[in-house]
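Residues or ranges marked as signal peptide by TrEMBL: 1-15. The feature domain 'Ig-like' is assigned by TrEMBL to 46-158. Taken from TrEMBL, the feature domain 'Link' covers 165-260, 266-355. What TrEMBL lists as disulfide bond is Cys211-Cys232, Cys310-Cys331.
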Amino acid sequence: LPLLLKATLLPLASGSYHPFYNGFYYNHIMNDDGNGQDKVDYFNGAKLVVETSKDPVYSYSGANVTLPCHYSYEPDQGPKRKIRIKWSKLRDDYTKEQDVMVAIGKAYIAFGDFKGRAHIHRAGQHEASLVISDVRLRDDGKYRCEVIDGLEDESDVVDLRLQGIVFPYQPPRGQYRLNFHEAEQVCEDQGAILANFNQLFQAWSEGLDWCNAGWLADGTVQYPIRLPRKPCGGVHLAPGIRSYGPRHRHLHRFDAFCFSSALKGEVFYLGRLAGMTLEEAKQSCQDAGAEIARVGQLYSAWKFLGLDHCSAGWLADGSVRYSIVTPRANCGPAEPGVRSFGFPSKGRFGVFCYRER
């Protein structure tokens, strides 16, 4: 056995065979030089380094955003052959990836919802930054920038966060009536999506306190508490996000936490002295070249556009609400927020309309 082991190690130790040597290595790659013939290139390789932004990149719905990514070689070897760049969108727990785009040289292909909206920013020789146009709510999340050079494959992750607002939502039928799939739909109907945990945590840190449990995008059910109290987990628990964990997406029923971003358009109020029914309110918005606003649009206008109106108005889901930036007498509680009159079956009110800019 010692002789067999020695015979096996001797060729590896000889100078004629060096798979690794002094920290450098030999790569065996196929290189297309453009004439249709593959050329084998042996070189004393260098370390491939990929770097993205360590801080989150912030954007909002409808905007264009660039996710920075650059690559380099240590030591620098100057211009090299075409490399392959791949961008993927990750789940928060890194267990699943969604292909965004792949690029080789000037040729690229985008996938799924990113078709027609994603391309590589060509500002420099070692640029691999991703440009996403017309940002959508579901674009929020982590992205992996992967650079592939022959056998070399390095990557880094950048976090895209949309500026937005989380709001709790109950349907007209009342509390705890939504399974997961229905919660997804009601948020979409209100110009929003189900919030993720990071978005709910951000809303909690900004003051959101809500005792009713609601679905999040990962299928868990949670709720944010700023002021501990008996009906909301008990007075002895610290403030924070209370969690029921993952629940059955078809059988279990809760409320929803929806997430809406900044608006491309404007929300405005229309009123009549005698008020309007819901159908009259919808028609008034159409006559003004707009549509009746959704709940998510009202929340966004309140947070990002400073919409402050003490008169209540109809919204698209049949609810009646109004938004207050500066609390004052006869306008509800002493805190800023969106007030709700619920879903009145009768009554005449003004209306909030939404119009694209």
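Cβ coordinates are placed from backbone N, Cα and C, and glycine is handled just like the others.
Curation plays no part in TrEMBL annotations; they are all automatic predictions.
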I'm trying to understand the geometry here, so how far is the Cα atom of Cys211 (disulfide bond) from the Cα atom of Cys310 (disulfide bond), in Å to the nearest whole number?
25
Whole-number Å value for how far Cys310 (disulfide bond) lies from Cys232 (disulfide bond) (Cα to Cα):
30
Using DSSP, tally how many residues of the domain 'Link' (266-355) sit in helix, strand and coil.
20 helix, 26 strand, 44 coil
Restricting to the domain 'Ig-like' (46-158), what is the model's mean pLDDT?
90
